[in-house]
Every structure is written in structure tokens, then in C-alpha cells.
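K.L.:
Shown below is the structure under consideration.
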């Protein structure tokens with residue numbers, strides 16, 4: 001079990017550091033519990049200082065909580081269908097509030113997360129439950145629109161004495177022999193990152209019987225990993241490979257870092273051959289990122305990072321002394337969106353190719369006709385249903401959504417057709433089974449049965465007088481028999 005999980009604080013008081021912010025958060029919680037709705041909290045600060053832990057500790061004071069983090073797909077539709085519905089619906093436990101946690105909102109990027117920040121802003125306006133948003137970079141443009149809608153709390157790094165105190169307690173609990181100087185140095189090198197300090201301590205404790213100062217001095221730290229700007233600046237301004245590699249240890253999506261570097265190359269480099277060589281390395285980095293995505297082998301990231309970092313850095317003949325303002329991606333963002341459009345086109349063509357048994361090029365040539373056909377709501381639904389189009393694929397051919405009434409109508413028709421097809425198939429099976437039954441032989445009637453029937457018919461033809469005559473004879477015979485019996489008795 002990881003020590004970060006084992007020693008994770010369970011309450012707000014157990015969270016180390018940021019005492020002033022904790023007091024404000026407790027007041028925020030108390031107001032919600034008293035029935036006074038508050039603006040969402042936006043916790044901003046470096047990784048590893050306990051923002052998520054703090055939010056989860058707060059969650060224990062509410063009836064339930066829902067969390068959406070960086071590992072989840074966070075597109076506009078996903079956020080609205082999960083957090084959006086929960087933000088306005090009642091808790092499972094009655095009238096109590098439920099806490100909604102959105103982690104790493106500044107990390108929402110790429111095709112899968114497009115529209116996510118806008119969806120969060122819409123949810124905040126309608127939310128009836130407390131919300132906590134978490135971000136790493138206070139200056140990220142992605143959260144600029146969210147700052148005005150939230151109460152922003154800037155979380156500070158945990159002080160090294162506080163980290164050292166916790167490491168000592170863990171050493172006692174786990175029975176680890178550690179030199180106090182080693183723990184003090186580890187706390188200092190963690191640069192305020194409590195999680196990093198605990199993970200490093202556990203890794204070293206598993207390798208050494210006694211933790212010494214020399215063990216700590218040999219480890220690398222994560223200093224200067226605060227912003228993406230530092231990493232991009234190092235790539236463009238430095239020619240020292242070690243410095244560049246260390247500077248690129250940023251808590252950001254590496255493809256985004258690559259786009260930042262690519263955007264700012266012509267702002268820093270002035271020679272054509274330098275710019276050409278730098279972009280060749282960017283192309284190679286992008287190639288390895290693509291291989292990593294397609295193969296799901298993320299070991300390719302190392303090669304991609306080397307090309308976009310050391311490769312671009314080495315492309316210049318000398319360092320430039322001028323000041324260069326690092327800007328966020330614009331051209332490469334558009335290129336990325338175009339790449340997304342190409343991927344969408346290829347997905348659609350692949351589905352058409354499989355269903356219609358045509359080539360990709362023929363499928364793509366049909367797109368203009370599909371745009372015309374998709375103007376009809378019912379036809380758009382039928383084509384989408386047949387080809388298995390998803391929502392973003394439908395949007396390729398029409399900007400408007402298919403009306404809900406049309407969808408419900410077409411789904412009912414489809415369900416009715418399925419029932420009819422099932423009944424027809426069932427009838428075919430029944431007819432097939434009946435056809436396998438062998439023909440039955442005719443059963444001949446017994447002669448005795450015919451005779452009995454004739455006798456019955458003769459009886460039916462007898463007249464009433466004949467029946468009366470027979471009954472009269474029976475009456476006359478009975479007394480005679482009785483007299484005979486009496487004579488014989490007297491003779492005896």
C-alpha cells in the first residue's frame with residue numbers, strides 16, 4: 001500500500017499547512033451546512049501540496065460527493081451529463097447537500113475535453129450544491145473565465161519543517177531507521193511537495209536498511225517544475241542539455257509543451273536554417289507522440305521530449321540575449337484542430353467503408369451528398385443509426401441537433417420494426433417446424449363398433465307399443481315364479 005494513501009488526512013484539521021486557507025474553507029462549509037449557499041471554491045497551487053486531499057477531507061462533512069479528475073474524459077457533453085445533472089438534483093440521502101469536485105480544471109485540453117471549461121461555467125450558474133474546483137497554475141488561461149465565478153484560494157507550498165515532522169512520524173510508525181539529517185534534507189529537497197516527499201521516502205526505505213544523508217543527496221528533485229513558461233524559455237535560451245531536460249519536467253501535457261515551443265521558435269530564432277532544423281525536431285517529436293497514442297506504449301514520450309527539448313535547443317548556433325515574450329499557441333492550436341478534423345473525417349470514412357463496402361476515397365467523396373441528405377431530420381437519424389455515427393460525427397454534416405421528437409418517433413418505429421421482424425421470424429420458424437411433422441395414417445373403424453351402432457339405431461326405431469308389450473310380459477312372468485316356490489315349500 002502506498003504511504004500517501006495510508007497517511008492521507010481524513011479531516012480538515014489533519015491537513016498539513018495552509019492554516020489560513022483551511023479556516024476560510026471551514027467557514028465556507030459551515031455556511032453551506034447552515035443553508036446559506038456560497039460561490040464555488042477554486043483551490044489553486046502547485047502539485048502535491050494537498051489540494052485534492054483537502055477537498056476529499058471536506059467531502060466527509062457532506063452526505064455524498066462526486067469527483068471528476070484528469071483521468072476522466074471531460075468534454076462538454078460528459079461534464080453536463082455527470083456533474084451537470086448532479087449539480088441541480090437532490091442528494092440520495094434526502095435534502096442534504098452533496099459536494100462536487102472537479103480536479104485539475106486547468107488541465108482540460110485536447111479534442112476529448114473540448115468545451116469542458118465552458119460547460120463548467122454554465123453549471124456554476126445553475127448549481128444548487130457546493131462545488132470545489134482544483135487547479136495547478138493560477139495564471140493558466142483555461143481558468144481565467146472561472147476565477148470570476150469562484151472564491152479563489154491560492155494554496156502555498158508546505159513548509160519543509162512540517163514535511164520533516166510528518167516524515168519522522170511515518171518512520172516511527174513503519175519502523176524505519178533513518179538519519180534525522182537525511183529526513184531533513186529530503187523535506188528540503190521536496191520543494192514543498194508533500195506527496196513527492198512521502199513517495200520518495202517509501203522508495204528509499206524499500207532499498208536501504210538505514211536511510212542515510214548520502215542516499216538523499218543522490219536523488220533528483222523536482223525544483224523549477226512550476227510553470228510551462230520556464231520550460232519553454234530554457235529550451236529557447238539555453239544550449240545545456242541537462243538544463244533543458246530538467247526545465248521540461250513540468251506538470252503539463254507534453255504535447256501542449258511541444259505546441260508552446262513550436263509557437264515561439266520564430267519569435268526567438270532569427271536564422272532560417274535554425275528555424276528549419278528546430279521544426280524538423282518538432283516534427284519528429286510529434287511523430288513519436290503519435291506512435292505513443294496509437295500503440296499505447298508511452299515509452300515513446302522520452303524520445304519525443306528529447307527531440308522537442310534538446311533537439312530544438314541544439315538547433316541554434318548560439319544563444320540570443322534579446323528578451324522574448326513567450327506566448328500561448330495560436331497557429332499550432334489551429335493546426336491541432338485541423339488534425340482533429342482529419343481524424344474525424346477518417347473515422348466517418350472508416351465506418352462508411354465497413355458498412356457500404358466501399359473505399360475511403362469513395363466514402364469521402366460522398367460527404368457533400370450526405371450534407372444535403374442530413375438536412376432532413378428523419379433521414380439524418382436513419383443514416384446515423386445505420387452507420388453508427390456518434391454526436392461529433394453527426395455534427396460534421398449538420399450544425400443543428402436532431403430534434404428529440406424526431407429521435408423518439410424514429411426509435412419507436414425502429415422498435416416496432418424489430419417486433420414485426422421478430423414475429424415474422426417466429427412464424428417462419430413455426431412453419432418450418434410444422435413442416436417436419438410426418439403425415440398421419442387413417443385409422444380404420446372396428447366392425448363391432450358398426451354393429452353396435454346398427455343395434456342402437458334399431459332400438460331407436462322401436463315403437464312405444466313394443467316397449468310396453470315387453471314390459472307387460474315381464475310383469476306376468478314374475479308371479480308365476482313366485483307360486484312355484486310356494487308349492488314346493490308346502491310339499492316339503
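Any Cβ shown, glycine's included, is placed from N, Cα and C.
Here's the feature list from Swiss-Prot:
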- 45, 46, 47, 48, 49, 50, 51, 52: ATP binding site (BINDING)
- 470-479: compositional bias 'Basic and acidic residues' (COMPBIAS)
- 429-450: region 'Disordered' (REGION)
- 462-492: region 'Disordered' (REGION)
K.L.:
Any idea which of the binding-site residues 47, 48, 50 has the thinnest Cβ neighbourhood at 10 Å?
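P.N.:
It is 47 that, of the binding-site residues 47, 48, 50, has the fewest other Cβ atoms within 10 Å.
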K.L.:
Using the CB centroid of 45, 46, 47, 48, 49, 50, 51, 52 as the ATP site centre, which other residues of the same chain sit with their CB within 8 A?
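P.N.:
Near the ATP site, the remaining chain residues are 136, 155, 193, 194, 195.
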K.L.:
Going by DSSP, give the three-state secondary structure for residue 46 (ATP binding site).
P.N.:
coil
K.L.:
Near residue 45 (ATP binding site), how many other Cβ atoms are within 10 Å of its Cβ?
P.N.:
23
K.L.:
Counting across all protein chains present, how many other Cβ atoms fall within 10 Å of the Cβ of residue 51 (ATP binding site)?
P.N.:
25
